[in-house]
Amino acid sequence: MGPRSCTHFATLFMPLWALAFCFLVVLPIPAQTTSLQNAKDDRRLQELESKIGGEIDQPIANLVGPSFSLFGDRRNQKTMSFGRRVPLISRPIIPIELDLLMDNDDERTKAKRFDDYGHMRFGKRGGDDQFDDYGHMRFGR
């Protein structure tokens, strides 16, 4: 077995090692992908529980907490064919009731602030008619 046969073996086994490396490292194994999906689902569930926990009173949150931990394993739910525990509802940051109570007159002030050419108007401060639309004092009338 000379040096020539060693190079022959090396050239034979190089593609095999590369192929084995691809199978082991590059291609995802189904068990790993399901565990990654489970980890993502668990993280999403924890974020949802933290959002719900912030909205619930503290004594009620203590009662609800253990029930969530009993059913925390998502794999058991999939085998038992449970649906989603908590429906995902998109809610605005400011509640509707508070939005009705707030006085947002930004649209009204913006309409008064600029003229048709985009120039800022300084007139009509406080409802006075002593200034014109460009902020110049009117002496007539």
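Cβ coordinates come from backbone N, Cα and C, glycine included.
The model shown is predicted, which means the values in this text are computed figures rather than measured ones.
According to Swiss-Prot, the feature signal peptide maps to 1-33, an assignment based on sequence analysis.
Per Swiss-Prot, the feature phenylalanine amide maps to Phe82 (among others); the stated evidence is similarity to another entry.
What Swiss-Prot records for Tyr117 (among others) is sulfotyrosine. In this chain, none of the residues that are 6 or more apart from Tyr117 (sulfotyrosine) has a CB less than 8 Å from its CB. Following the DSSP three-state reduction, the secondary structure of Tyr117 (sulfotyrosine) is coil.
Taken from Swiss-Prot, the feature phenylalanine amide covers Phe122 (among others), and the record attributes it to similarity to another entry.
Positions annotated as sulfotyrosine by Swiss-Prot, on the basis of experimental evidence: Tyr134 (among others). Neighbour count (other Cβ atoms within 10 Å of the Cβ, all protein chains): 11 for Tyr134 (sulfotyrosine).
The feature phenylalanine amide is assigned by Swiss-Prot to Phe139 (among others), with experimental evidence given as support.
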